[in-house]
Amino acid sequence: MNDGENYWNAFRSHKRSATDGPTLSPWMVTVLQATKLLLFALCNIVLTLGSVFSKLIVLIMATNIVPRAHLIGKFARKCTKAAVRRTSTTTAGIYLSLLLIQCFPDTINLIRSGIDMWKGQCGQLVKSVVVLESLRAIGLAVLSFHVFPQLDLARCLVLSACFPLVAVLQRSLVAMVSAARTGRSFRNRLGRCFVAIPHVIMFLVLMSSCYVWALFDNKFTAIIALPIGVICTSAGFWESWIDTTHSGTSFDELYRLKYAVRKMNTTTKLIVSLMRIVCTVSVLVSAVYINDHKKLNSSHFVKAFFSFSTRQPHTRLLLLATGIIVLHFVMRGISRFLAALDLHPFSFVHPLSIAPLIAYGYVRYACQSPTCSIARRLARFGLHWVCDQWFQSARGIASPDFYICLIWLLVGCYRGWRLVRQRYFDTNEEIISSMPPVCNGLCIEQSLVVFQHSLNRQEKTMLTEEEDISDENDELRIRNDEVDRVSTVYGCATMWHETETEMRQVLRSILKLDVDHATRMNNKKANELRYRLEGHIFFDDAWEDVEEDGIEKRQPNEYFNMFFDLLNEMTGERLNEEGKMETRILVNTPYGGRLVVKLPSGTLLFVHLKDKKMIRHKKRWSQVMYMYYLLGHRIMDCPLSIEDRQQMADNTFILAIDGDSKFEPDALLRLLHLMNAKSDIGCACGRIHPIGNGIMVWYQKFEYAIAHWFQKAAEHVFGCVLCAPGCFSLFRASALMDDNIMHKYTKTASEPRHYVQYDQGEDRWLSTLLLKQGYRIEYAAASDAETYAPEGFEEFFNQRRRWTPSSIANTVDLLMDYKRASENNDAISYAYIAYQFLVIFFSMLGPAIIFTMLVFAQVAAFELRGSDVMLYNGIPIGFFIVLCFTTESNIQLIYAKYMSIAYAFVMLAVLVATSSQIVLETVLAPTSLFIVTMVGIFFFAACLHPKEFTNIIHGVVFFLMIPSTYVFLTLYSLINLNVITWGTREAVAKATGQKTKKAPMEQFIDRVIDIVKKGFRLISCREKKEHEERREKMEKKMQRMELALRSIESGADVKKILDATEEKEKREEETQTADFPIEENVEKTQKEIQKANRYVWMTSHSLKVCERGKLKSAEKVFWNELINAYLKPIKTTPAEMKAVAEGLASLRNQIAFTILLVNSLLALAIFLIQKHKNVLSIKFSPIKNFRWTKMNEMTGQYEETDEPLKIDPLGMGIVVFLLIILFVQTLGMLLHRLNTMIGAFQEVKNLYEYGVSPVINTKNDDERIMNNARLMINSLGVSTGHAADGYTRHRGEESDTGNVLYKLQKARLAKRMQRSALSTTE
C-alpha cells in the first residue's frame, strides 16, 4: 500500500530540545540536601543551647536579687578571689535587666499596634486572651521577683517544670467526666478510671510544688507568692491546655489563635502588650518593697539605666539582657524558619522537653565541682552562683525535697514532650503551622513551640484574617472549596516585528505551557496546583497594503506570515483530506483579524492581528485590549452573580510576556504559588535573564544580575517591587479591575510629562497604579525567564533613553504622592520612601560622581595637574552635551560610541590608580575600604547565586563601561527626553507608515534619481497616454471580475458588489469633468468595496488552508464599543504635533538644565575641596599607630608616615551614603536568598514525595517525569501561615483591595439611580 509516503525515507534529523526534567540539577539537589541537614542540626543545637543559656541567665539574675550574707556557698569557699561587691545600683540593674528581658517584646508589639491603630486597623477585643496573658505575666513576674530570690538554681529549675499544672488538671477532669458519663458499662467506666489515675497522680505531684517548701523549717517566706506564681503561670500557659477539642466551645477564640486559624487583631495585641507591661512593672515595684531593699530607691534605677560605663556591673547586666533579647528573637526566627522548611525539632530534644533537664544536670555538676572561671565571670556582673539555699549537709546526703523535686522535673519534661511531639498528617491534608503570638522572655521555651493543625472541609469556610466571621448567607462570601483551587491563566504576548528566533522562543514556551497545563488538569491528585490556560498573542501593526495586478489589498505582513509558518512547523499540524487545517480558524474582527489555533494538548491560542488603520497600535494599547477583553467582556459581561464573578476575578491571572520571552512552566507555577499565598499581591514577577551575543549583552548580564541581586531583592524585603517587567509578570485580574488601575491605564497623554510617564514605560506606569491602589508587587528569584537584550550600541542606548526618563518620572510620581501610597499600601512605609529617595537622588548625581572619580584616578595614574585633567575630561563631555541639544540621535550615538571606547582605556588607568591607592594608603583608608567592600559584596552575592555565578565575569565589561553608561548614557537619556519614538527595531519603518531619516549622501542620490525619472516620463508621456487609457479600462474590468470571484467564495452578494463598482467608476468619470466630488456616495462605495475586501486576506497562499469563522455578535458589539471609547486611532494635526514637540522640549530644557547644574556644581565642589585638601579636609586615623605610604615631594620617593589621612568631607559623605544603600541592599539580598532557599528545600522535598529522581533516566523514566516532575512546586508549607501572622485565605469585606466586583456594582447602581433621578426631575 502506497499512500504517497516513502517509508524507506522515514529517518530524520531534528534539533534536540531541552530535557523536560527537574529544574534542579543533581549536584544542586545533593548540595541542597546536605545544606538542609546541616541547617537542621545547627538550628536544633542553637535552640536547645540557647534556651538553656537564657534560662540559666534569667535564674542567676533572679536568685541574686536578695543579698545572701548569711549563706557561704561552695563557690564562695573555693573561689575567694572572685568576691562580689554588691551595690544598690547593681541590684537596680538586675531588676531592670529582668524587666527588659520580659517587656521589650511587648513594648515593640505595643508600638507596632499603636501605629496600626493610627492607620485605622482595629478589631474586636478578645478578652480571654487579655486575661490569660495578664495572668502569665503576673505569674512569671511573681516567681522571678518574689519566689526565685529565695531559692537556689536547682530548685528554680524544678519549679519551672511545674508550669503544666493546669494542663494536667484538665486531662484529669476530662478523664473523670468521661468515666462518670451515664450510659457506659461498669467495665468501660472502670477502664476509664484507670486511665484517669496517672493524670490525677501527676496533678497531685505538681500541685505539691505550691506548698512543699512551706512545710520545712527554713527561711522560705514566699508562702503566698509561691502558689500564686505557679497557678497564674500555669493558667497563663494556655497553649498547653487548649487543643482541637475546644473548637466550637467557649474557648473557640483561643483555639483559633493557637492554631493560627485567625490572627490576633491589632486591638487585642495592643491591650495584651499594655497589660503585660503594667502587670510586670507592678509586681516589680511590689518586690522592691517586700524584699526589703533598705537603700534602694528610684535614683538607683535611673542611674542604672542612664549611666553607661562598661566597667560598671549594672551596664554589663543591661548589655547581657540586650544579648538575651537578641538571642530570643534569633531563636523565634529559627523556629519559624524550621517550620517554613517543614522541619520540626525532634520531640525529645525540643527546648520545652530537654532544656530543663540539661540545665538541671549542668547546675548539679557545677555545684558538685565548682569552677572558679564561672565565679570570676559572674563577679564581673555583680552576680554569684547559688548552689544550695537550705539544707547544707554533709556530702552524699540528699535534701528532704530532692526526690519530690526530681519527680516534678520528670513530669514537667514528660508534659513538654507531649505538647511538642510530632503529629503525622496525610499528604492530602492542608496543614497550618503556627507559633505562640506572644514572646515570654522569662520563660522563652514556651514561645518556641510550633503547633500544627489539619483543616477539615468545614473549617476552611471560616478562615479569615481578622476576627469577623463571614455570614453564611452573605452574597459576597467567597467559599474555599476544591473549585477555587483551579486558577485561570491567560498568557498574553505582545508582538511587533520580532525575528524568527525570537518568535520561536516564545512559541516554544507557550507549547511547553500547553503540555504542562494538560498534564495537570488530567491528574486528579489532591492538593495539586492546577490551572486553566488560554493563550493570546497581540500582533501590533500586522497589516500592510499590497498591490497585486493593479488591485490594492490589505493583507497580513511578512512578520505574521513568518509566525504562521513557524507555528505550523512547531506544532506539526497536517492538512486533512480537504486540504484544510481543522485547528486553524480565521475570523474577521473590528480591529483587523484573528487566528484561532488549537495547540497539540488542547489549549486555545488566539492570535489578534491589529490593523493600525482600525485601532491604536503600540504595546500599551494592546494591553488595554486584552485587559478589557478578558476582564471586561469575559468576566463583567458574563451572566453570573457578583459572588461568582468576584470568585472568577480572584482566581484569574494574566501572564504578561513579550514576543521574545522564554520560560519554563515551573517559572509560572512559582508565580502562581506566590499569588495564591497572599491575597494582597497584585502582581508577581520573576528573575529576567538577558540573552544574546556581543559586548553590550555581556554588560547587561552583569547589570541585570546586580539589579536583581541587590535592588529588587531589597525592594521585595523592605517594601515592594516598584516595576513589574512586561516580559514576564503575572497579574491578578481583580487587582487590575480595581479603581484607578485598568481604567486609568487607558488615559491618553495630554501633558508633556504624560508622554514620558505613560507611553515610554507602560510597564512601570501600570506598576505605579497598582502600588498606589494598595497592591503589592513581589519578586520570585527562582522564577526564571529569558529575553533578548539589545546587542548593538545604538539599540541599547535608545532602549535606555526610553527606560530612564520613564523610571524617574514614575518613581518621582510615587514619591510625590507618598502619603497616599503609604496610607493605601501597607508595604510602603516612610522609611522605604526615604530609601527610594536616596537611590534616585544618587542616581541623578551619577555623572558628577563618576566624572570626579575619573579625574582623580587620572591624576594619580599619570601624575598630572588636577585642573588640566578636569579640563581634558570636561571638553569631550561638554561637547557631547552640545551635540545632544543640537544634532540628530545618530550623530550623538556615533560620538558616544567612540568616546565609550576611549574611556574604556581610561578605566584601565582608574584600575591602576585605585590599586596603587589601596597599596599606599592600606585597605583601612575610607575610599579603599569602600572599593574593597563593594568588590567583596559583589563576589559574596555571586557566591549566594551559584547558578548565576558566571555573571561576575561580565563585571569586567561593566567596569570598563562605567563612564559610557553612567555619564554618556545618562546625559543622552535626559537631554533626549523630548524624543518619544521607541528607537528599537527601527529598521522596519515601512510598517509604521513613517520614513526613517536618511543620510545626506542617500538624500543626494535620491534627488538625482528623481530628476532622471521625471525626464524619462516627459519623453514617453505622449506616446503612452492612449495606451495607458486602454490598459486602465482593462484593469478595471479584471478588478470587477476578481472581486466577483472572491465574493462568491466569501458568500457575499455578487450583484451588489458589481453594481457598487460600476457606480464607483461612473462617479470617477463624473469627478473628472465636475468641479466637486460627491463625497457621501464615494465613501459609501468605498465601504462596500472594503467590506468585500475583508475576506480577501483569507485567500492568501499561506492562509487558505485555514477554516473560516465568524465573530459572535456580542463580542463584535463589545469590540466596536471598546474601539470607539478608548482605542480609536489617534489623529493629530500638524499644529497639535508642534505644540506637543514644544511642550516636550520645554520639559526637557527644565529637567536637563537642573540636573546638569546640580552635577556641575557637585563636580566643581569636590574638585575645589580636593585642591584645597590641606585646609578643607578631615584628619582621620583608622586605628591607633596607623601608618601608610606617602610620596615625599622633596625627594620624590615613597616613605612611610604616621600622619593622619586627609579626607574630603563631601566625598566622604557621598561614600557613606552609598555604603548605607549598599548595606541595606545586601541585607535585603540575604533575607531574600533565605526565602528562596526555603523554596528550594521544599522543591527537593517534593521531588522525592512525588517520586521524581534528581538523576534523569531518559530511557525508563520519561513518562513518569512528564507526569510528576512539574508537581514539585505545590508546597503547602510556605503558603500556609507558619508563624503568629495566621492563615490568610482572603481579605475582609472592608478591605480597600477586596471585593472589586462589589465596588464596581455599587458604582454602576449609583450611576443608574442618578440617571433615573435626572429623568424624573426633567
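Any Cβ shown, glycine's included, is placed from N, Cα and C.
Going by the topological domain names that Swiss-Prot assigns, Lys219 and Gln892 belong to different sides of the membrane. Just one residue in Asn265, Asn297 has N-linked glycosylation site written against it in Swiss-Prot, and it is Asn297. Around Asn297 (N-linked glycosylation site), the C-beta neighbours below 8 angstroms that are at least 6 residues distant in the chain are Ser88. Long-range neighbours of the transmembrane segment (923-943) within the same chain, counting only residues 6 or more positions beyond its ends whose Cβ lies under 8 Å from a Cβ of the stretch, are 705-706, 709-710, 914, 917, 949, 951-952, 955, 1180, 1182-1183, 1186, 1188, 1205, 1207, 1211-1212, 1215, 1218-1219, 1222, 1226, 1229. Residues of the same chain lying 6 or more positions beyond the ends of the transmembrane segment (893-913) and with a Cβ under 8 Å from any Cβ of it are 793-794, 797-798, 853-854, 856-862, 876, 879-880, 883, 959-964, 968-969, 972. DSSP classifies Asn297 (N-linked glycosylation site) as coil under the three-state reduction.
Within its own chain, the topological domain 'Extracellular' (858-865) is flanked in space by residues 872-873, 906, 909-910, 912-913, 916-917, which lie at least six positions past its ends and keep a Cβ under 8 Å from the stretch. Look at the topological domain 'Extracellular' (858-865): DSSP puts its residues at 5 helix, 0 strand, 3 coil.
When each of 40-60, 157-177, 837-857 is scored by its Cβ pairs under 8 Å to the transmembrane segment (343-363), the top-ranked stretch turns out to be 40-60. Across 157-177, 317-337, 1149-1169, the stretch most heavily in contact with the transmembrane segment (837-857), judged by Cβ pairs under 8 Å, is 1149-1169. Ranked by Cβ pairs under 8 Å to the transmembrane segment (397-417), the stretches 157-177, 317-337, 1210-1230 are led by 157-177. Note on the transmembrane segment (157-177): residues 55, 59, 143, 147-148, 151, 192-193, 195-196, 199-200, 202-203, 206-207, 209, 230-231, 233-235, 237, 240-241, 356, 359-360, 363, 405-406, 408-409, 411-413, 415-416, 419, 443, 446 of its chain, located 6 or more positions outside it, place their CB under 8 angstroms from a CB of the stretch.
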